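Features of the protein shown, as given by Swiss-Prot:
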- 640-677: coiled coil (COILED)
- 562-577: compositional bias 'Basic and acidic residues' (COMPBIAS)
- 650-672: compositional bias 'Basic and acidic residues' (COMPBIAS)
- 692-713: compositional bias 'Acidic residues' (COMPBIAS)
- 60-225: domain 'Helicase ATP-binding' (DOMAIN)
- Ser542: phosphoserine (MOD_RES)
- Ser609: phosphoserine (MOD_RES)
- Ser620: phosphoserine (MOD_RES)
- Ser630: phosphoserine (MOD_RES)
- Ser638: phosphoserine (MOD_RES)
- Ser891: phosphoserine (MOD_RES)
- 558-577: region 'Disordered' (REGION)
- 603-637: region 'Regulatory linker segment (RLS)' (REGION)
- 611-673: region 'Disordered' (REGION)
- 617-675: region 'Required for ATPase activity' (REGION)
- 689-713: region 'Disordered' (REGION)
Amino acid sequence: MERVGAATPEGDMPGFLLALQSKSRAEAPRARVQEQDLRQWGLTGIHLRPYQLQGVNWLAQCFHCQNGCILGDEMGLGKTCQTIALFIYLAGRLNDEGPFLILCPLSVLSNWKEEMERFAPGLSCVTYAGDKDKRACLQQDLKQESRFHVLLTTYEICLKDASFLKSFPWSVLVVDEAHRLKNQSSLLHKTLSEFSVVFSLLLTGTPIQNSLQELYSLLSFVEPDLFSKEQVEDFVQRYQDIEKESESASELYKLLQPFLLRRVKAEVATELPRKTEVVIYHGMSALQKKYYKAILMKDLDAFENETAKKVKLQNVLSQLRKCVDHPYLFDGVEPEPFEIGDHLIEASGKLHLLDKLLAFLYSKGHRVLLFSQMTQMLDILQDYLDYRGYSYERVDGSVRGEERHLAIKNFGQQPIFTFLLSTRAGGVGMNLTAADTVIFFDSDFNPQNDLQAAARAHRIGQNKSVKVIRLIGRDTVEEIVYRKAASKLQLTNTIIEGGHFTLGAQKPAADADLQLSEILKFGLDKLLSSEGSTMHEIDLKSILGETEDGHWVSDALPTAEEGSREPEEGKNHMYLFEGKDYSKEPSKEDRESFEQLVNLQKTLLEKTSQEGRLLRNKGSVPIPGLVEGSTKRKRILSPEELEDRRKRRQEAAAKRKRLLEEKRKKKEEAEHKKKMAWWESNNYQSFCLPSEESEPEDGEDESSAQLEYEDPDSTSIRYVSGDVTHPQAGAEDAVIVHCVDDSGRWGRGGLFTALETRSAEPRKRYELAGKMKDLSLGGVLLFPIDDKESRNEGQDLLALIVAQHRDRANVLSGIKMAALEEALKKIFLAAKKRKASVHLPRIGHATKGFNWYGTERLIRKHLASRGIPTYIYYFPRSKAAILHLQASSSSSGQLVS
């Protein structure tokens, strides 16, 4: 190891450099691992590429001579398989059986599990996840049988169950997406630092994002003895001027080498098809310009007051970005009646450009990943795709588990044109190499998130060239946000990959606020020079380049024309410069245009205030355009005109209601179709009963029901003492009823335990239905439970009524009477068809304030009065209770009127 800081006198060295020099004098011999060795020890299902094998050797070397390291390979280069190969090396070569702990985001938990099973089937892997009860069971199992190699869990669960996980002596701790540790004061950083760990491995495709403090936080985690938390200021002070001091830059580069390995696709995956990146600028519609101006004028205090809070300016920035995306993101902007049409496209310069772009890509046979920051914008894009008839899948933060997996599977196996994704939700743990085009509808403030998102398509396994297209609003805040992101992205490239640095000391917060107020003025001179639309047509072929049979032809880059820019040759990152000075400030003309707007707004306010037509609220300014309209005297309408307006509004409201209902039904049908495909792919068969409306009752009507009710012997509820799980039935089938919630988590005690003793089916069927999202309020699962014991005649079945809701905070509602009534109707149909009797416990008897009288009336109305033999069981707690119930059972029919 080359000595770091050798040119600096020892008296002037910070503690971390002295400690590093002392450590470098005693280095362990280098590990030598060949792929055939790994195969002999249990590696299967993969052929490691040369750089991956090199990475495994580097990890093994770090394990021998350090406390930890950072594997910072670019996204898509196989950090997961290198990590698993390290486990195989430790178990096979060193007889180190672990345990190894892996922490990762929930979105990639299943991916880690699948990769472990595929690459290292000889290593036992426990997935530690689920609700509190499930994890409690897992804890008991792990305590009783602690022999496992790998435990896989998420950050959140690790924090919840830290005391349990701390009890294990971990051989290796792996933290995936380790930028979660960039703040050494965070709870996760502090908690994991308390674990007993021999070796820590951090995996991140974005090891440097913003500052030297974040870099030091990662170093202090993997080597706390060398990089103590107290020395962070020394570290920042020593390297804050590395842009000017080449010796400091070289020193930091050498300091990082033993602890951080970073490879990029362009260097090691040369066989990977080329990725080219292009920025296309677009204009704004007149409607967008109107609201862009209005947003800037809405809160003048944020600009005029030097002590303005950053949160106000951030809100203005957020609103401006929404305006550049689409004005319909604001309530009340979309014209009534709400009917989809070309107005959706023409209202936004960005969507107008996307419309032309997707038409071009569709005609050439390309497939697209379409990213946006905002789920509301994804809703508009989804409406647009429906309008144009393009096939699509969608994943955002609300899509979980199996639905997410099914969407990815569908896109990979079917000719679906577009995959809609939110950048944060779709940027991690997804392999979407079926697409060859990535479009960023809008850009993330953090360029690393966009890089991760683009890596969903440009990664190992991609066999086509990939085109990354970014849409930027010309002369808007989007343009300067994009420019600022360009310099931020240089941190990773320069610090890790080049040894040259652009990272200086952080600016004070007040300066950052002032800078933000200036950013919001960017481009105003050109943008507001006219009120009309600045949208224009562009030649997409000349901008994007040649395409043949759904493949991008990347032999040569086209000449960029107005509206677009191609990456400069040799640039290896998402953002690029245009040959201009990318200063972070607006021009002199932009500032003058902003001042003119402010003066105009003040004049307007003073005028309207003097006329008594406006009540001014401090810090609140009306939207320009709406104020002018409010100062005009309205014409008084005649009674006929008022009536005509009322009718038009009624018709518009009815039409809007009808369209919304049609949209809702269409959405439900699409979701149902998607669920059916998911069930089919998992070989799942639902045991839910159909509704009363969907199954005719062979001509039964109210009169026949009334006639049956008049026979007291056949229509009364029969109250019995005993165990409802062993129904007192004759030769007929018996349906046992039990109420559950919609969580899919089987309960403990009482009837839950009694049913589980009777049969293995209830828990299995119920939990599977929960996993497959087959539990909804009012639903009924019906299935036989004669697997352990059965009667000589007749079959026993269990009907699980979903009558309670359990929310994410684990708060359980009471029994919902509407759901119970809906379920009883379904049970009636099933019992009538089977000529079965129905057996119920005293539903809700232990619930305080529960309406048993109302429940009893529902049971009588939908079961007993319609000729279904109905029994309600009182479970005896003592001999006295049995005698009492037996004595009163003969008169039980008179308990309810």
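Quick reminder: no glycine exception, Cβ is built from N, Cα and C everywhere.
According to its DSSP assignment, Ser542 (phosphoserine) is helical. Break the compositional bias 'Basic and acidic residues' (650-672) down by DSSP state and the numbers are 23 helix, 0 strand, 0 coil. Each of the modified residues Ser542, Ser638 was scored by the number of other CB atoms within 10 Å of its CB, and the largest score is that of Ser542. Separating the Cα atoms of Ser638 (phosphoserine) and Ser542 (phosphoserine) is a whole-number distance of 58 Å. In three-state terms derived from DSSP, Ser638 (phosphoserine) belongs to neither a helical nor a strand segment and is classed as coil.
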